[in-house]
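Below: one structure, written as structure tokens.
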Ligand SMILES: Nc1ncnc2c1ncn2[C@@H]1O[C@H](COP(=O)(O)OP(=O)(O)O)[C@@H](O)[C@H]1O
Ligand SMILES: CC(=O)N[C@@H](CCC(=O)OP(=O)(O)O)C(=O)O
């Protein structure tokens, strides 16, 4: 027998679901690219919640695309193997031995952990890298960085095929060179390039800060392209935030409707952003 007594929590839950209706309608059929950074990929519990959010999105008619990083996991494996690693301008100097480890960690352990988490929640995730089906072709970024690539061509045909089949692509940030080389690409760069090629409705960059902060340390909930350029010139946007905001600007120029930089450590961060009036993190658009 179901109890007839009403509980305040249930009423609040029902209201939250009801309030989500306009957002559910807005995002039906939308393409949402989500970059999951290595730092945002912490506990198994967090991963399970993230996977649930992604499966829920698919269930309500969104086409999610996951692009992952895995820098900290690559560092740990390189250390185990006694291989030194250095970064220049936020990019890992990648020789042949390092590339082997990068590919093994990204396409192997990290990619499959996300795939399994999504499938564990009833989704149909398929893991691939930019090397599959001509997804990402690269040129060398800078000879001093070794096998680091810059996407020169993105062919999203395989992703459309997967959307039609109800599958969720989970993409490791690697690309193919014209001469058959494998290139290591920054995860934010790949997410931006794929979002542009798909003309995505949203690009969500999940990281380990609440959003883009101003000089007073307050998170800005909305930023224009001009504000980003100003804040970068003034040194307020610095370090690891630079590749993210650069990716955001390039994606908007490439036809993405909005980019959000948000804290992936917050439970259900993606749902909060898409399906509540509060949103989360910093929304970047051409005009605000
Ligand atoms: N204006 C800013 N607002 C927020 N974070 C900033 C800003 N400027 C620099 N940062 C730094 O950028 C970092 C996020 O980049 P990063 O650590 O590379 O993320 P991830 O590992 O998720 O790719 C933050 O932890 C913060 O230290
Ligand atoms: C060229 C380059 O630096 N590639 C990155 C790819 C992984 C990545 O981007 O991971 P996060 O998103 O977790 O930082 C690397 O080797 O670490």
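Any Cβ shown, glycine's included, is placed from N, Cα and C.
Note that this is a predicted model, so its numbers are computed, not measured.
Residues 70, 71, 92 are given by TrEMBL as substrate binders; from 184, 214, 268, that same site also lists 184.
The Cβ of residue 92 (substrate binding site) lies under 8 Å from the Cβ of 71, 74, 85, 86, 98, 102, 145, 148, 184, each on the same chain and at least six residues away in sequence. Taking every pair among 70, 71, 92, 184, the residues listed as contacting substrate, the largest Cα to Cα separation comes to 12 Å. Residues from the recorded positions list (35, 70, 71, 92, 184, 244) with a C-beta closer than 6 Å to any atom of ligand 2: 70, 71, 92, 184.
Fewest Cβ neighbours within 10 Å among the recorded sites 35, 244: this applies to 244. Listed in sequence order, 38, 41, 105, 106, 110, 172, 187 are the same-chain residues at least 6 apart in sequence whose CB falls under 8 Å from the CB of residue 70 (substrate binding site).
According to DSSP, residue 71 (substrate binding site) is assigned to a helical segment.
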